[in-house]
Structure formats: structure tokens, C-alpha cells
Amino acid sequence: CWASCCACARREKQYVPRVVRVGIPDRKSNHPANVIRNQKYSVLTFLPLVLFEQFKNFLNFCFLVMALSQFIPQLRIGYLYTYWGPLAFVVSVTMVREAVDDIRRYLRDREVNGTAYERLSKAGAQTVPSSALRVGDVVRVGKNQRVPADLVLLRTSDRQGTCYLRTDQLDGETDWKLRLAPTVTQAVERDEDLLDLGGSVYAERPGRDIHGFIGTLTVARLSPDQQQQPEQQQMALSVENTVWANTVVASGWALGLVVYTGPETRAVMNNSKPRSKFGMTDVEINNITKVLVACVLLLSLALLALKGFGGQWYKYFWRFFLLFSYIVPLALRVNLDVAKMTYSFFIMRDKKLEGNIVRNTTIPEELGRISYLLSDKTGTLTENEMVIRSLLQAGLAANAGGGGEGGSGGGGPDSVTRLGADLAARTAEAVRAVALCHNVTPVYDEAGADSGGAPAYQASSPDEVALVSWTAEVGLALVHRDQTSMRLRTPAGAELAYTVLHLFPFSSETKRMGIVVRDEATGDIAFYAKGADTVIGALVQPVDWLEEEVGNLAREGLRTLLVAKRRLKRDFYEDWSRRYEQARLAVENRSERMQQLQQQLDSGLELLCVTGVEDRLQSGVRPTLETLRNAGVRVWMLTGDKMETACCIAKSSRLVDRSGGLFAFQPASLRSADLDKELRNMARRVEAGHSVVISGECLQYGYYLPQAAVEQDERRFVQLACQAPAVVVCRCSPTQKAEVVRLLKDHTGKRCAAVGDGGNDVAMIQEADCGMGIAGKEGLQASLAADFSIARFQHVTRLMLVSQDTVGRVYRCPTIVHGRRCYKNTSVLAQFIVHRGLIISTMQAAFSAVFFYVAISLFPGILMIGYATIFTMFPVFSLVLDKDVASATAEKFPELYRDLLKGRELSAKLLCIWVAISIYQGGVIMYGSIWLFQGSFLHIVSIGFTALVFTELIMVALTVRTWCWQIIVAELVSLCSYLAAVFILTQYFDRAFILTLNFLWKVSAITAVSSIPIVALKLIRYLMSPPIARKLQA
């Protein structure tokens, strides 16, 4: 019964298709409220969830048990505050931090949910907050206003029913997307008439696919012949008729029907819930803690066995456990938390990382352990600014970017007439083809086209905007475009009018686009095609120079497009158009029949030109990728763009070496033989040094990604991909980006970082062990969701690899710790705190063994608190300011970062070394104090505790690799604090004995015996096997 209840609680909600009536909210169905909620906690769940996260940590749980045991008088050792004080401090700091972060999320959500929108109803227009919208409402979204829910477009301010959207917060692309309203709803005279149509929309079940939608619009109208019989008119709906939530209306206004709300919107379903991240260093410290607890249990059991199991032996066992619990000091948790906040403070003060913000102070040391960096493309690696660099035409090469030798792309007709009339005519035809074959729309300001101002071009692809902008520069400007017509303006001011007969948009399957236009002046009909060289090159008449020139452009990192033309006879076109319209109305095999008819236009294509377009990279991208590669960090690029675009950017950014190739993982089918064949091909290409590109067709519905990985051998696929120099994943949705991160984490066990700049990168950033968000053109959504907010991609290396020497106005600190140094110093700090607890527990065990296994504390509680705080805390904590090499050395030799990826800073070998040192020093101090004391137990405390403090200060000095004034001050402050305590706490120290020469030589002798062998061993190791960092610095 309990298992059934748990299964019901874990069962995911089953979504079903729905029928939504226009203007009639569906209050009977259990649709979620249109509320955005990014909070991790509620008022009721905050305290239990935070406490659960805290005491899920093994160290905190152990101290909770020990603190609770102090309420039992028979088990109490010392005062309650010695256990509850540090524990309450750690938990309180975490609760305050979590509460502040969650309150900030709540305030952001409240602002979004309270945004006002105009809702259309039969009672008139009403202004309601976004949270009040329901499925079935008709809502108006104004220009530059965020879309509050998933809508089906009904009517727009444009006569043609068009509407442009900015989708950067959904798919990461900054180019505007064109959406169309159904003709039957766009044709109504007033907005209120939409409510009288009796319309309804059949919508598919909610899903994550932001690039697809299946629906049907049904409208009931009264027949003019039969006044009592309504006619049913149906129209197919696709993604072109939808407006998804979190997009922004870029032109005019739009009226839409709410079909999905809140958690059922595409934007929310593609985002993952925020989670509490737990660093690998914390995991390793947690494991070390478990080992130390086991050691405490064994040590307590051993002393109890020597004492005997008679009487109430379990009380003695627990008292021994509490006495030796200093091996597992809670100060470790306190010091690590404060150290992380210190690291975060230093990172934000780095003047070379201007604008960076640390939003998650729990994982700064993870920056030093990154093995895989998964990066978005658009806006992260690139500026998303396209520039046409070359236009090649048989016998003519125009350097469109300017500055080339003999370039003919920067002037008017005079620059090409020297090449001959025939060549000039062909060039003019090529420019006209580029100006016509696209899906670009000119957008004017409020003054309109009549004011003579230049339009702003908008399209779903930035390279199309670059091409049309270039044709305007050379004298053929696009001045008007709607669904049925297009006008071009020549340098003389004349306008060329064309009628758009058919438009075939670009798709990932066809890898090309086409358009059929009619010249209004001559009546000529032509079909223009533009697409990838692999597709258009196979359709046009053979050209001997094509393959070589396309290869040259690709090696330069330019994305290449081939433009071709075919003249259509009127009779042929009319027959073809009639059959194409029949195919569009077909109920069965509609797509296949339309595709076959489109292919009939491809025969007889004539190549006009080859264009080379460059997507400008952000400054510093190439050296950043090179530095990461030298540091042993493998970079994967995840993008929603098509494969050709992703491959071009991978080559131009040097993510993929020019001398290396790119292997596209594209199995012919999902059969086992084809998958196995493709994996073998992939293994051979990866072994040859080729990088891997995974196409969108190999991604399965947003779950564990490659079909080969899911259905055949997931581990084999991941191993091969991880061996490749670089991996490019294209055409992936936000959810699939997160799944790529999860796939790498699960199968490699390595730490993964993700960097992006758009709302489509949030899921990936939250899933990664370390998320970095760029605050840029695509908004702040990625930056707010990230662990670290940076200004540019090039800051990644400084954040991970390099530390900076800086001088502040108020604080003067020689070391600002990032990534590599943060991880190394955290490891040293953890080991030293464990050593500090081990040495005093060793002294306690020796004391109990010598004095007949007595279960009493060697040192009073006040001294133990002082030992863990003012006497040794400042020098130990000052280790976070230490550095093994100078910043210039770390920047010059990124290979230093490679050593950290082995994870040896907190290895079992180092732990055993520190345990051995602690046992040796603790034994020497304890037995030396007993041997040298003069008949008074107080002398043991004085000699032993003084030697213990001096030994710890010496060990800190031996551990420091680069001295700074803060470390020196910390050592002196601790020494002076202890000397002052010796003369103040007279009940624990015999002042008369301490001032004698006898005390000084005994303390000096014990301290020397405990420290000199350690100094000698360190010196021998330094001379015989110096660390690589010292070699490089020398």
C-alpha cells in the first residue's frame, strides 16, 4: 500500500489534447494558473527543506547527534555551547543565504506575474494581471511587450496578418520570427467580432517542442443561403500561427487565444527546476569525514576493549567518542563556508572581470575542477552580427567586406563594367537573385517609408539580413515586402516590382529555400533557390571551380550559400501551380506530394553565385578556446542553429582545428546494423583526430540524447565523443542542452561547466556543476539563473585558471583567488583543519591510555574553544590567501590547470600523510609533556598545550608557499593572543612556572622534536622532487 502511494505521488502528469473555445475561459478543466514560479521554497517548506539539505551533509549530521547527546547528563562533556554554538552558526548562515536568494526570486516572479494585459470579452476590454489569464481568454499584446502565455494568433495590426516576434529568451536567436494570423480571423472588421465567430481551436497536448505545433481552427458562420444552418470552416494551424510565452512582440500589436498557461507553456516546460548544487570538493570532504568518523568509532572501541566491557560500558563508549570527536571538527564546515564567501568576494573585486557577479557562493572551488565546458553559440561565442565577406561568380570574385584586392562588391555598376558587358549582366543577375531569394522584411520607423529613411531588415536568419543589407549597399535595396509582393529600388531611384507567387522556407531537411516570383514589368516568371553547397551543388549544372572555391571559403570560417535560378515558362508554371494547390489540399500524404512537386522546379537550375558570410566572433574567443584546450578542458558547443552554421562557427572560432575534420554522426536509420556501422565510422574518425558534430535528427524527444546512445550502447557513444578534440551539437532545444550536460556528468563523472547568454540556456546552466551566464543582448535571464555572471566569454579563462594580484582602496590583498587557486587552497585548508583535530585527538588518546583509560578531557573546554578559534584560526584560515605561483605564470602556462583535473589535492595518499604527521606530533607532544612534567597535572596542560599551539603555528608557516603581510599578521595575532591568555587564565596556567627557564626549554625541546623532522622531510622532497609550479616559476 505504501509503495502504491509513493508511486502515485511520483507519477508525472499525463497531458492530453484540448479544444479551446475562443473568448470562453475553460473553468471546468483543471488547467494550471498562469503563474511563473522560480522559487525553491515556500513559507511552509523553507525550514524543513533547508534543514534537510544541511543535515544531509554527513558532517553536520554527526555534530547534530553529538550536540543532542549533550542534553543527557551522563554523556555531557563540557558546556552545551561548545557543540550547539558552532552548529547553530553554520545552519543560520546557510538559512539566511537561502532566504535572501529565494526572496529575490519571489520579487522577480511577482513583478512578471503582475504585468497588466488587455483581455477581450463580450463585456468589453478589461485590464488584468498576467496571473489572471485563463485558457480560452483572448488577450492583446502590444509592441515590445512580453507574451504572457502560449497563444494562437488570431489578429494583428498588419493588414496581411503578419507579426514579428523576438524569441531570444526562448531559443537564443536574436533575429525576429515571422508569425501569421489565420485569414478567417484576420478578415474581421473589429476585434469584438472574433467573439461572435463561434470559433474553437483544437490544440495538441502540451509539450517541449518549440519548433512545432499541430492544431485546427474551426469557425462557425451563418450561411447566406440558409440563415439557420451554420457553416463549419476549418483551417490547419502550425507553429507559424503561434506565439509562445516569454517571446516579445516586435512590431504592432497581436491578438491571441490562450491555449497553454503557466507550467504547461513551452518556455516553462523547457526549463528545469532550480536545484541546490553540491561541489565535488564537498563530496570528497564528506567522504573523508566518514572515514574519520569510522576511525573515531574504532579508536573508542579499542580503548573501551582495553578498559573492559563491564558495567555501563556504552556510556564510556559514547564519552570516548565525544572526546575523540575533534578528529571530525565542525570548524571544518565553518571555515569552508567562510572561505567560499571570501573567494566569492575576491572574484567580484577583480578589476579585470568587470561586471561579474557571484550568485552562488557554495561552489567557487568547482571552477578549478572543470573538465568539460559546454558553450552556447549565439551571443556567447559570436556577436550574432553577420557580414558578407565574399561573392563568387564564374570568373569574378567580389570581396564584399571591403579592403580586398580588385574588389568589386563595394561600388556600383562602374566597378564591373570593365569586366565586359556579359560579365556585368551576369553579376547584376546574381545581385538581383540575392535581393529576391530570401524571407526578409523591411521595417520602418514611425515616420514610415515615405520619409525616405533607410529601413531596418528583419528575418529569421541573420545571414539573410546580411545578404539583403549588402545588396542595398551595392545599389539594389529592398524597400517593400509582404506576403504577395516585393519591391526593389535601383541606384537611379526606380522601383522594380515583383509578385511573390510561391515561397518555400528553409528547413533542416531540405537545407535550402526557394521562391517563385513574377517580374511585373516583363511578366517573366523565375524560380530562385538558395541553400547549402551540398544540396544546390548537386542540382545545378556542373561547374569546375565550385568545389575548390567553396572549400576555400569554408576553411576561412565563412558559411557558404549557393544561389541558383531557373526561368519558368508560363504554361509550365500554370500547370505546376494547379497541381501544387491540389497537393496542398490533400488529406493524405500532403507533405510527400508537395515535396515531389517542389523537386520538379529543381531541374535545370543555373548557378549564379556563391556567397560567403561571416558571423563575427566575440573578442578573445579564439585565444580563450586555445587556452582552455591547453589546460585540458574539452569544449562542446551546443546550439539551436542548423548544422552548416554550427560547423562554420566551430571552424572560424578555432574550436575545430583547420587541419582536422568534422564527422557528422548521422545514422542512416535506427536499425542496429546502421547504428553499429555509424559508431564504427565515428571511432575511426575520432582516432584520426576529427571532431564530432551531432545533428538534430539524432536527438530523441529531449531525453537521453543520441539514438545510438539510447537504444544501443550509450556508454560507448559517450566514450567516443569524449575522445574527440571537440563536439558540436546542433538543432537542440533548451531541454536537450540540459540532457547533454546530464549525459556527460553521468557517464564521465567529471565536472561540467556551462556558459550561455539567453533564456534557452537556463536549463543547461542550472544542470551543470558550474553555470556561467553572460549578461548581453539577449537579456539577463541566463545571468540571473547562473552561479557566476560574467560580461564576456573571454572571462571564462580568468575565472577558472588565473588569479590576479591587485590592490584595493580599503582592503589590500595580494591574492584574488579564482578557479585553480581556489580549489588548491580549499584542499589545503581542509587538510590542515583535519590535521588540527587529529593531533589533539591523538594527545587525548595517549592521555587516556596512560591514565588507565579514563574518559575525561585532557584540556578544559575554554582552552579547546580557544585552540579552535583565536589561538590557531587566523593563521589556518589565512591559507586561503596563499598562492603557489604568480598570476603571470599561471596565465602563461595553462597546463598547470591540467594537474588539478586528476583530483589529487584531496587524495587518500595525502590524507594518510597528514594522519601520520598528526599521530607523530601528537604523540611527541603528549608523551614529552608527561615525561618532562614535575609532579603537577597543571604542568602537563601548560607544557603540552603551549607546545601544541607553537607546533600548529610552525606547521602553517611550513605550508605557506608565498608569504604576504596578511599571513604574517595572522601568525603574530594568534601568538600574541595565546601569550595574553597564558597570563590571564591563571586557573589553567601556573604563571610562576611559565616564567621559568625550565618551562621554556621543555616547550622548545618538545616543539623542536615534533617539527624538525617534518621540516627536514619537506626540504628533502622539495630538493629531490620540486613541484611543477616551482619549475615553471623559476
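Numbering starts at 1 and runs along the chain as it is shown here.
Backbone N, Cα and C define each Cβ position, glycine as well.
Straight from TrEMBL, the features:
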- 27-84: domain 'P-type ATPase N-terminal' (DOMAIN)
- 81-100: transmembrane segment (TRANSMEM)
- 121-266: domain 'P-type ATPase A' (DOMAIN)
- 291-310: transmembrane segment (TRANSMEM)
- 316-336: transmembrane segment (TRANSMEM)
- Asp376: active site, 4-aspartylphosphate intermediate (ACT_SITE)
- Asp376, Thr378, Asp757, Asp761: Mg(2+) binding site (BINDING)
- 816-1026: domain 'P-type ATPase C-terminal' (DOMAIN)
- 833-856: transmembrane segment (TRANSMEM)
- 862-881: transmembrane segment (TRANSMEM)
- 910-931: transmembrane segment (TRANSMEM)
- 937-960: transmembrane segment (TRANSMEM)
- 967-989: transmembrane segment (TRANSMEM)
- 1001-1020: transmembrane segment (TRANSMEM)
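Neighbour counts of Cβ atoms within 10 Å were compared across the recorded positions Asp376, Asp757, Asp761; the minimum falls on Asp376. Counting same-chain residues at least six beyond the ends of the transmembrane segment (937-960), those with a Cβ under 8 angstroms from any Cβ of the stretch are 828, 832, 835-836, 839-840, 843, 858-860, 863, 867, 871-872, 875-876, 878-879, 882, 921, 925-926, 928-930, 967, 971, 974-975, 978, 982, 988-990, 993-994, 999, 1002-1003, 1006-1007, 1010-1011, 1014-1015, 1018.
Beyond its flanks by at least six residues, the transmembrane segment (833-856) meets 288, 292, 296, 299, 303-304, 306-307, 316, 319-320, 323-329, 331-332, 335, 864, 867-868, 872, 876, 911, 914-915, 917-919, 921-923, 925-927, 930, 944, 948, 951-952, 955 of its own chain at Cβ-Cβ distances under 8 Å. When pLDDT values are averaged over the domain 'P-type ATPase A' (121-266), the model yields 84.
Across the domain 'P-type ATPase A' (121-266), the DSSP tally of helix, strand and coil residues reads 24 helix, 60 strand, 62 coil.
Just going by CB pairs under 8 A, the stretch in 81-100, 316-336, 910-931, 967-989 that sits most against the transmembrane segment (862-881) is 967-989.
Rounded to a whole number, the C-alpha distance linking Asp376 (active site, 4-aspartylphosphate intermediate) with Asp757 (Mg(2+) binding site) is 8 angstrom. According to DSSP, the secondary structure content of the domain 'P-type ATPase N-terminal' (27-84) in residues is 29 helix, 0 strand, 29 coil. With a 10 A radius on its CB, Thr378 (Mg(2+) binding site) counts 28 other CB atoms from all the protein chains.
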